[in-house]
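S.K.: For reference, the structure I am asking about is given below.
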Amino acid sequence: MKKIAIFAKVHDPRCVGIAEELVEWLLARGLSPLVEPHLAKHISCSYTAKRDDIPEQADLVVVLGGDGTLISVARLVGDRQVPILGVNLGSLGFLTEITLTEMYPALERCLKGDYEVSERMMLRVSLHRGGAEIEGRQVLNDVVINKGALARIIDLETEVDGRYLTTFKADGLIISTPTGSTGYSLSANGPIIHPQLDCLVITPICPHTLTNRPIVVSGDALITISLQSVNEDVFLTLDGQVGFEVKHGDQIRIQRAERQTRLVQSRSKDYFEVLRTKLKWGER
């Protein structure tokens, strides 16, 4: 590994300061840091590259921040499959499981090739209108179709592999990966899914029919959702960060992406320890 990309929350002085220290650490070892211009101007770094070009150049990506920062970088990396080392400087940190004290030892191991990655499923999401695809993206956590604040409940006709499932009458619908099962889906009473399981979760948001419950389907499933409601404000949100308006008759198709996100794992904790810590299990 020679080229190490750094992404950080530029509005967090602590993240910016650590990014500056990391650049110096890399240079002292004869490595080439890659920093997007927006961050570079905060740390007086001349080793810049356009944000969209970084995944093609980097051998490793270091993310300083929280899960939100890592999720946005995972979408950017996309098919490139560069390993991502997430350093938790945020609050919750299900994905950024490397602590600040672990960062430099973890980097040393990565440079020696002595590291393990957790491969996480990503989704390919496309929005179709009038028979044509008008948007297509990859997501790591979840896809959410929900109504605006003043809209009534919406009707979402849902198929799995071309077979009719039901028409959800609800405030919305969440389709999550196992990684995303601890996000919005969990708040809507969805199950916690181990990230190595090969499945997707369909979770209704405040369904009108009380027997509508979250359902787990195959990771190879093609989920098709059609908006049947008329004159309602409805939105498609990807990973809680990118959004599009959905109109009557639009169709949303969701399936496994071709590539996975590769997250460098912590040596000091496992998935269940992360769950216990973040969800405060066993505390009184």
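A Cβ is built for glycine as well, from the same backbone N, Cα and C atoms used for every other residue.
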S.K.: In Swiss-Prot, the NAD(+) site includes Asp67, Gly68, Asn141, Asp142, Arg152, Lys169, Asp171, Thr182, Gly183, Tyr184, Ser185, Leu186, Ser187. Which of Gln57, Gln81, Gln241 does it also list there?
M.R.: Gln241
S.K.: Quick one: among the binding-site residues Asn141, Ser185, Ser187, which has the most Cβ atoms sitting within 10 Å of its own Cβ?
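M.R.: When each Cβ's neighbours within 10 Å are tallied, Asn141 tops the list.
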S.K.: Between Ser187 (NAD(+) binding site) and Asp67 (active site, proton acceptor), what C-alpha distance do you get in Å?
M.R.: 16
S.K.: Please report how many Å separate the Cα atom of Gly183 (NAD(+) binding site) from that of Asp67 (active site, proton acceptor), as a whole number.
M.R.: 10
S.K.: Among the recorded positions listed here, Asp67, Asp171, whose Cβ has the fewest other Cβ atoms inside 10 Å?
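M.R.: Sparsest of the recorded positions Asp67, Asp171 by Cβ contacts within 10 Å: Asp171.
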S.K.: Helix, strand or coil: which one is Asp171 (NAD(+) binding site) in, per DSSP?
M.R.: coil
